[in-house]
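Heads up, the thing below is written out as C-alpha coordinates.
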Amino acid sequence: MDAATLTYDTLRFEYEDFPETKEPVWILGRKYSVFTEKEEILLDVTSRLWFTYRKNFPAIGGTGPTSDTGWGCMLRCGQMIFAQALVCRHLGRDWRWIKGKRQTDNYFSVLNAFIDKKDSYYSIHQIAQMGVGEGKSIGQWYGPNTVAQVLKKLATFDTWSSLAVHIAMDNTVVMEEIRRLCQSNFSCAGAAACPAVEADVLYNGYPEEAGVRDKLSLWKPLVLLIPLRLGLTEINEAYIETLKHCFMMPQSLGVIGGKPNSAHYFIGYVGEELIYLDPHTTQPAVEPSDSGCLPDESFHCQHPPCRMSIAELDPSIAVGFFCHTEEDFNDWCHQIKKLSLVRGALPMFELVERQPSHFSNPDVLNLTPDSSDADRLERFFDSEDEDFEILSL
(Lines of atoms letter the chains of each structure in order from A and count residues from 1; the text may use other names and numbers.)
(Lines give C-alpha, C1' and ligand atoms only; values in the text may rest on other atoms or scores of the structure.)
Protein backbone atom coordinates (compact mmCIF):
# COMPACT_ATOMS: atom_id res chain seq x y z
CA MET A 1 0.00 0.00 0.00
CA ASP A 2 1.21 3.51 -0.84
CA ALA A 3 2.49 5.08 2.40
CA ALA A 4 1.17 8.46 1.30
CA THR A 5 -2.41 7.19 1.19
CA LEU A 6 -2.52 5.36 4.51
CA THR A 7 -5.18 6.58 6.90
CA TYR A 8 -4.64 6.95 10.61
CA ASP A 9 -6.99 4.04 11.25
CA THR A 10 -4.49 1.89 9.34
CA LEU A 11 -1.55 3.33 11.25
CA ARG A 12 -3.19 3.50 14.68
CA PHE A 13 -0.99 0.74 16.10
CA GLU A 14 2.20 2.63 15.18
CA TYR A 15 1.52 5.62 17.43
CA GLU A 16 2.71 5.78 21.01
CA ASP A 17 0.28 6.41 23.80
CA PHE A 18 0.93 9.22 26.27
CA PRO A 19 3.84 8.51 28.62
CA GLU A 20 3.03 7.57 32.20
CA THR A 21 4.18 10.81 33.79
CA LYS A 22 3.22 13.08 36.65
CA GLU A 23 3.77 16.05 34.34
CA PRO A 24 0.47 17.73 33.40
CA VAL A 25 -0.75 17.54 29.82
CA TRP A 26 -1.81 20.90 28.41
CA ILE A 27 -4.14 20.99 25.39
CA LEU A 28 -5.21 24.45 24.16
CA GLY A 29 -5.66 25.94 27.61
CA ARG A 30 -6.93 22.79 29.34
CA LYS A 31 -4.88 20.91 31.96
CA TYR A 32 -5.08 17.12 32.24
CA SER A 33 -3.52 14.26 34.19
CA VAL A 34 -2.41 11.21 32.23
CA PHE A 35 -3.23 8.96 35.19
CA THR A 36 -6.82 10.04 35.75
CA GLU A 37 -7.93 11.81 32.55
CA LYS A 38 -6.47 9.90 29.63
CA GLU A 39 -9.86 9.40 27.98
CA GLU A 40 -10.60 13.11 28.34
CA ILE A 41 -7.24 13.97 26.74
CA LEU A 42 -7.90 11.74 23.74
CA LEU A 43 -11.46 13.05 23.37
CA ASP A 44 -10.17 16.63 23.39
CA VAL A 45 -7.58 15.81 20.73
CA THR A 46 -10.08 13.88 18.62
CA SER A 47 -12.47 16.83 18.72
CA ARG A 48 -10.01 19.13 16.96
CA LEU A 49 -10.57 19.39 13.22
CA TRP A 50 -7.74 17.55 11.46
CA PHE A 51 -6.89 18.56 7.90
CA THR A 52 -4.48 16.45 5.89
CA TYR A 53 -3.30 16.16 2.32
CA ARG A 54 -6.19 15.21 0.03
CA LYS A 55 -6.33 13.82 -3.48
CA ASN A 56 -8.87 13.86 -6.31
CA PHE A 57 -10.44 17.19 -5.40
CA PRO A 58 -11.60 19.59 -8.16
CA ALA A 59 -8.63 21.13 -9.95
CA ILE A 60 -7.45 24.36 -8.31
CA GLY A 61 -8.18 27.22 -10.67
CA GLY A 62 -9.89 24.81 -13.06
CA THR A 63 -6.65 23.45 -14.53
CA GLY A 64 -4.32 23.26 -11.52
CA PRO A 65 -3.44 20.52 -9.02
CA THR A 66 -6.01 17.97 -7.86
CA SER A 67 -3.92 17.02 -4.82
CA ASP A 68 -1.81 18.99 -2.36
CA THR A 69 0.47 16.10 -1.40
CA GLY A 70 4.04 17.33 -1.00
CA TRP A 71 3.29 21.05 -0.92
CA GLY A 72 0.17 21.75 1.13
CA CYS A 73 1.19 20.81 4.68
CA MET A 74 1.50 24.39 5.97
CA LEU A 75 -1.75 25.32 4.25
CA ARG A 76 -3.44 22.42 6.07
CA CYS A 77 -1.91 23.56 9.37
CA GLY A 78 -3.25 27.04 8.69
CA GLN A 79 -6.68 25.51 8.13
CA MET A 80 -6.44 23.64 11.43
CA ILE A 81 -5.54 26.65 13.57
CA PHE A 82 -8.26 28.73 11.89
CA ALA A 83 -10.79 25.90 12.22
CA GLN A 84 -10.11 25.90 15.95
CA ALA A 85 -10.99 29.60 15.99
CA LEU A 86 -14.29 28.85 14.22
CA VAL A 87 -15.01 25.99 16.62
CA CYS A 88 -14.49 28.34 19.58
CA ARG A 89 -16.60 30.97 17.82
CA HIS A 90 -19.61 28.82 16.92
CA LEU A 91 -19.42 25.70 19.13
CA GLY A 92 -17.33 26.69 22.15
CA ARG A 93 -13.99 25.42 23.44
CA ASP A 94 -15.67 22.67 25.48
CA TRP A 95 -17.55 21.21 22.51
CA ARG A 96 -16.66 17.57 21.83
CA TRP A 97 -16.96 15.37 18.76
CA ILE A 98 -18.36 11.89 19.47
CA LYS A 99 -18.00 9.29 16.74
CA GLY A 100 -21.39 8.29 15.38
CA LYS A 101 -23.24 11.07 17.20
CA ARG A 102 -25.30 13.47 15.09
CA GLN A 103 -23.67 16.89 15.15
CA THR A 104 -25.31 20.30 14.96
CA ASP A 105 -25.80 22.36 11.81
CA ASN A 106 -23.20 24.83 13.10
CA TYR A 107 -20.63 22.04 13.23
CA PHE A 108 -21.25 21.13 9.59
CA SER A 109 -21.14 24.81 8.64
CA VAL A 110 -17.69 25.08 10.24
CA LEU A 111 -16.49 21.93 8.51
CA ASN A 112 -17.91 22.98 5.14
CA ALA A 113 -15.91 26.21 5.34
CA PHE A 114 -12.76 24.11 4.79
CA ILE A 115 -13.94 21.47 2.32
CA ASP A 116 -11.80 21.11 -0.83
CA LYS A 117 -13.93 23.06 -3.28
CA LYS A 118 -13.58 26.52 -4.70
CA ASP A 119 -16.54 28.16 -2.95
CA SER A 120 -15.62 27.14 0.62
CA TYR A 121 -14.32 30.11 2.58
CA TYR A 122 -11.01 28.55 3.66
CA SER A 123 -10.57 25.70 1.17
CA ILE A 124 -7.19 24.71 -0.23
CA HIS A 125 -8.45 26.28 -3.47
CA GLN A 126 -9.10 29.66 -1.86
CA ILE A 127 -5.82 29.66 0.07
CA ALA A 128 -3.74 28.69 -2.95
CA GLN A 129 -5.38 31.24 -5.25
CA MET A 130 -5.30 34.04 -2.67
CA GLY A 131 -1.64 33.21 -2.15
CA VAL A 132 -0.88 34.28 -5.70
CA GLY A 133 -1.42 37.85 -4.50
CA GLU A 134 1.23 37.21 -1.84
CA GLY A 135 3.76 36.17 -4.47
CA LYS A 136 3.19 32.43 -4.09
CA SER A 137 2.41 30.42 -7.20
CA ILE A 138 -0.14 27.61 -6.89
CA GLY A 139 1.64 24.53 -5.60
CA GLN A 140 4.43 26.52 -3.94
CA TRP A 141 5.21 25.89 -0.28
CA TYR A 142 4.12 28.50 2.29
CA GLY A 143 5.74 29.57 5.54
CA PRO A 144 3.63 30.19 8.67
CA ASN A 145 3.51 33.96 8.17
CA THR A 146 2.31 33.76 4.58
CA VAL A 147 -0.52 31.37 5.38
CA ALA A 148 -1.57 33.63 8.26
CA GLN A 149 -1.74 36.63 5.92
CA VAL A 150 -3.82 34.70 3.39
CA LEU A 151 -6.27 33.42 6.00
CA LYS A 152 -6.76 36.95 7.30
CA LYS A 153 -7.79 38.11 3.85
CA LEU A 154 -10.14 35.18 3.33
CA ALA A 155 -11.82 35.86 6.68
CA THR A 156 -13.16 39.17 5.36
CA PHE A 157 -15.57 37.18 3.14
CA ASP A 158 -16.80 35.01 6.03
CA THR A 159 -19.71 37.16 7.19
CA TRP A 160 -21.16 34.23 9.12
CA SER A 161 -18.21 34.11 11.52
CA SER A 162 -17.69 37.90 11.50
CA LEU A 163 -14.15 37.73 12.88
CA ALA A 164 -11.61 40.46 13.48
CA VAL A 165 -8.27 38.98 12.40
CA HIS A 166 -5.14 40.76 13.56
CA ILE A 167 -1.62 39.75 12.57
CA ALA A 168 0.93 41.26 14.93
CA MET A 169 4.07 42.32 13.11
CA ASP A 170 7.58 43.17 14.29
CA ASN A 171 7.19 40.96 17.38
CA THR A 172 4.83 43.55 18.84
CA VAL A 173 1.16 43.35 19.85
CA VAL A 174 -0.39 46.83 20.02
CA MET A 175 -3.48 46.80 22.26
CA GLU A 176 -4.86 50.07 20.88
CA GLU A 177 -4.83 48.71 17.31
CA ILE A 178 -6.66 45.55 18.34
CA ARG A 179 -9.35 47.42 20.25
CA ARG A 180 -9.88 49.72 17.28
CA LEU A 181 -10.18 46.73 14.95
CA CYS A 182 -12.57 44.77 17.18
CA GLN A 183 -14.77 47.73 18.05
CA SER A 184 -15.06 49.08 14.49
CA ASN A 185 -18.00 46.74 13.86
CA PHE A 186 -20.45 48.72 16.02
CA SER A 187 -22.16 50.78 13.34
CA CYS A 188 -25.77 50.60 14.58
CA ALA A 189 -27.13 53.06 17.12
CA GLY A 190 -28.91 50.20 18.83
CA ALA A 191 -31.05 47.16 18.20
CA ALA A 192 -33.87 49.27 16.79
CA ALA A 193 -31.54 50.70 14.14
CA CYS A 194 -30.74 47.29 12.66
CA PRO A 195 -33.18 45.23 10.58
CA ALA A 196 -34.71 42.11 12.03
CA VAL A 197 -33.02 38.90 10.92
CA GLU A 198 -34.73 35.60 10.25
CA ALA A 199 -32.96 32.60 11.76
CA ASP A 200 -32.84 30.73 8.45
CA VAL A 201 -31.22 33.48 6.36
CA LEU A 202 -28.27 31.96 4.51
CA TYR A 203 -25.22 33.44 2.84
CA ASN A 204 -23.26 31.15 0.52
CA GLY A 205 -24.81 28.19 2.32
CA TYR A 206 -23.98 29.46 5.80
CA PRO A 207 -26.36 30.89 8.44
CA GLU A 208 -25.85 34.64 8.52
CA GLU A 209 -27.60 35.32 11.81
CA ALA A 210 -24.39 35.28 13.87
CA GLY A 211 -22.73 37.96 11.77
CA VAL A 212 -25.72 40.30 11.87
CA ARG A 213 -26.26 39.71 15.58
CA ASP A 214 -22.65 40.73 16.24
CA LYS A 215 -23.33 44.13 14.71
CA LEU A 216 -25.27 44.78 17.90
CA SER A 217 -22.19 43.94 19.95
CA LEU A 218 -19.39 46.27 20.95
CA TRP A 219 -16.73 43.63 20.31
CA LYS A 220 -16.00 41.57 17.22
CA PRO A 221 -14.47 38.16 18.12
CA LEU A 222 -10.70 38.36 17.71
CA VAL A 223 -8.33 35.92 16.04
CA LEU A 224 -4.82 37.05 16.94
CA LEU A 225 -1.96 35.53 14.96
CA ILE A 226 1.63 36.36 15.88
CA PRO A 227 4.36 35.29 13.41
CA LEU A 228 7.64 34.85 15.26
CA ARG A 229 11.20 33.81 14.70
CA LEU A 230 12.60 32.30 17.90
CA GLY A 231 16.18 31.84 16.76
CA LEU A 232 18.31 31.69 13.63
CA THR A 233 18.54 28.03 12.64
CA GLU A 234 17.16 26.44 15.82
CA ILE A 235 14.89 27.58 18.63
CA ASN A 236 16.56 29.60 21.36
CA GLU A 237 15.97 27.57 24.53
CA ALA A 238 15.31 30.80 26.44
CA TYR A 239 11.91 30.97 24.67
CA ILE A 240 10.80 27.45 25.57
CA GLU A 241 9.08 28.24 28.88
CA THR A 242 7.25 31.18 27.30
CA LEU A 243 6.07 28.97 24.44
CA LYS A 244 4.78 26.41 26.93
CA HIS A 245 2.80 29.07 28.76
CA CYS A 246 1.02 29.99 25.51
CA PHE A 247 -0.58 26.52 25.48
CA MET A 248 -1.74 27.07 29.07
CA MET A 249 -3.84 30.14 28.26
CA PRO A 250 -7.59 29.57 27.77
CA GLN A 251 -7.43 31.76 24.65
CA SER A 252 -4.87 29.46 22.99
CA LEU A 253 -5.42 28.37 19.38
CA GLY A 254 -2.09 26.58 19.26
CA VAL A 255 0.94 27.08 17.04
CA ILE A 256 1.70 26.39 13.39
CA GLY A 257 5.26 25.63 12.40
CA GLY A 258 7.27 22.45 12.37
CA LYS A 259 10.71 21.09 11.93
CA PRO A 260 13.08 21.36 8.96
CA ASN A 261 11.21 18.93 6.71
CA SER A 262 7.54 19.28 7.61
CA ALA A 263 4.81 21.52 9.04
CA HIS A 264 2.63 20.61 12.01
CA TYR A 265 -0.23 22.04 14.06
CA PHE A 266 0.86 22.11 17.70
CA ILE A 267 -1.98 21.92 20.22
CA GLY A 268 -0.19 21.44 23.53
CA TYR A 269 2.71 19.93 25.41
CA VAL A 270 3.69 17.43 28.10
CA GLY A 271 7.05 17.73 29.82
CA GLU A 272 9.58 18.71 27.16
CA GLU A 273 7.51 17.42 24.24
CA LEU A 274 5.09 19.27 21.99
CA ILE A 275 1.81 17.59 21.07
CA TYR A 276 0.72 18.03 17.47
CA LEU A 277 -1.58 16.99 14.64
CA ASP A 278 0.25 15.89 11.51
CA PRO A 279 -1.16 16.71 8.04
CA HIS A 280 1.21 14.35 6.18
CA THR A 281 -1.34 11.68 5.30
CA THR A 282 -3.06 11.70 1.90
CA GLN A 283 -6.77 10.90 2.02
CA PRO A 284 -9.43 11.01 -0.70
CA ALA A 285 -11.31 14.29 -1.00
CA VAL A 286 -14.75 14.30 0.63
CA GLU A 287 -17.80 15.61 -1.19
CA PRO A 288 -20.59 17.13 0.94
CA SER A 289 -24.18 16.12 0.32
CA ASP A 290 -26.89 18.51 -0.87
CA SER A 291 -27.96 18.96 2.75
CA GLY A 292 -24.50 20.19 3.73
CA CYS A 293 -23.74 17.09 5.80
CA LEU A 294 -20.74 14.95 4.97
CA PRO A 295 -18.85 11.90 6.22
CA ASP A 296 -16.68 13.53 8.85
CA GLU A 297 -14.64 10.77 10.51
CA SER A 298 -11.58 11.47 8.36
CA PHE A 299 -11.51 15.03 9.72
CA HIS A 300 -10.84 13.86 13.28
CA CYS A 301 -7.61 12.26 14.52
CA GLN A 302 -8.72 9.11 16.32
CA HIS A 303 -5.45 7.94 17.82
CA PRO A 304 -3.01 9.33 20.40
CA PRO A 305 -1.50 12.48 18.90
CA CYS A 306 2.10 12.80 17.74
CA ARG A 307 4.82 14.24 19.96
CA MET A 308 8.24 15.76 19.36
CA SER A 309 10.94 17.40 21.45
CA ILE A 310 10.47 21.15 21.79
CA ALA A 311 14.17 21.55 20.98
CA GLU A 312 13.51 20.17 17.47
CA LEU A 313 11.01 22.93 16.63
CA ASP A 314 12.00 25.16 13.72
CA PRO A 315 12.30 28.77 14.98
CA SER A 316 9.84 30.17 12.40
CA ILE A 317 6.31 29.80 13.83
CA ALA A 318 2.98 31.56 14.20
CA VAL A 319 1.16 31.55 17.55
CA GLY A 320 -2.63 31.92 17.65
CA PHE A 321 -5.16 33.15 20.22
CA PHE A 322 -8.94 33.63 20.18
CA CYS A 323 -10.70 36.28 22.28
CA HIS A 324 -14.47 35.99 21.95
CA THR A 325 -15.13 39.04 24.11
CA GLU A 326 -13.30 42.15 25.23
CA GLU A 327 -13.03 40.55 28.67
CA ASP A 328 -11.21 37.62 27.08
CA PHE A 329 -8.77 40.03 25.45
CA ASN A 330 -8.19 41.96 28.67
CA ASP A 331 -7.55 38.70 30.49
CA TRP A 332 -5.09 37.63 27.78
CA CYS A 333 -3.21 40.92 28.11
CA HIS A 334 -3.04 40.43 31.87
CA GLN A 335 -1.61 36.92 31.44
CA ILE A 336 0.99 38.11 28.94
CA LYS A 337 2.13 40.84 31.32
CA LYS A 338 2.40 38.30 34.15
CA LEU A 339 4.37 35.98 31.87
CA SER A 340 7.02 38.65 31.41
CA LEU A 341 7.77 38.30 35.15
CA VAL A 342 8.36 34.54 35.04
CA ARG A 343 11.99 33.77 35.83
CA GLY A 344 13.83 32.11 32.96
CA ALA A 345 11.08 32.86 30.42
CA LEU A 346 12.24 35.24 27.69
CA PRO A 347 9.27 37.10 26.12
CA MET A 348 8.60 36.01 22.54
CA PHE A 349 6.91 39.31 21.69
CA GLU A 350 6.21 42.71 23.20
CA LEU A 351 2.78 43.87 24.40
CA VAL A 352 2.34 47.65 24.24
CA GLU A 353 -0.62 50.00 24.63
CA ARG A 354 0.14 52.20 21.62
CA GLN A 355 2.05 51.90 18.40
CA PRO A 356 5.77 52.63 18.87
CA SER A 357 6.95 55.76 17.09
CA HIS A 358 9.35 53.83 14.85
CA PHE A 359 6.46 51.91 13.26
CA SER A 360 5.24 52.99 9.86
CA ASN A 361 1.57 53.60 8.93
CA PRO A 362 -0.77 52.39 11.72
CA ASP A 363 -1.73 48.77 11.14
CA VAL A 364 -1.76 48.91 7.36
CA LEU A 365 -1.76 45.14 7.17
CA ASN A 366 -4.61 44.64 9.62
CA LEU A 367 -7.05 47.37 8.65
CA THR A 368 -6.73 47.06 4.88
CA PRO A 369 -8.00 43.61 3.87
CA ASP A 370 -6.71 43.78 0.29
CA SER A 371 -3.25 45.17 1.03
CA SER A 372 -0.14 43.14 0.22
CA ASP A 373 2.30 41.87 2.83
CA ALA A 374 4.40 45.00 2.35
CA ASP A 375 8.15 45.42 2.47
CA ARG A 376 8.63 45.15 6.22
CA LEU A 377 6.93 41.75 6.33
CA GLU A 378 9.28 40.42 3.66
CA ARG A 379 12.24 42.03 5.41
CA PHE A 380 11.75 40.05 8.61
CA PHE A 381 10.36 36.77 7.31
CA ASP A 382 12.19 36.57 4.00
CA SER A 383 13.99 33.37 4.97
CA GLU A 384 11.08 31.53 6.58
CA ASP A 385 10.34 29.26 3.61
CA GLU A 386 13.97 28.35 3.07
CA ASP A 387 14.11 26.58 6.42
CA PHE A 388 11.53 24.01 5.38
CA GLU A 389 11.85 21.35 2.72
CA ILE A 390 9.06 19.79 0.65
CA LEU A 391 8.39 16.19 1.61
CA SER A 392 8.78 13.59 -1.10
CA LEU A 393 6.06 11.03 -0.53
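Glycine is treated like the rest: Cβ placed from N, Cα and C.
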Looking at 164-167, 196-199, 224-227, 388-391, which stretch does Swiss-Prot describe as motif 'LIR'?
388-391
Whole-number Å distance between the CA of Cys73 (active site, nucleophile) and the CA of His280 (active site)?
7
Determine the Cβ neighbour count for Cys73 (active site, nucleophile): the number of other Cβ atoms within 10 Å of its Cβ.
28
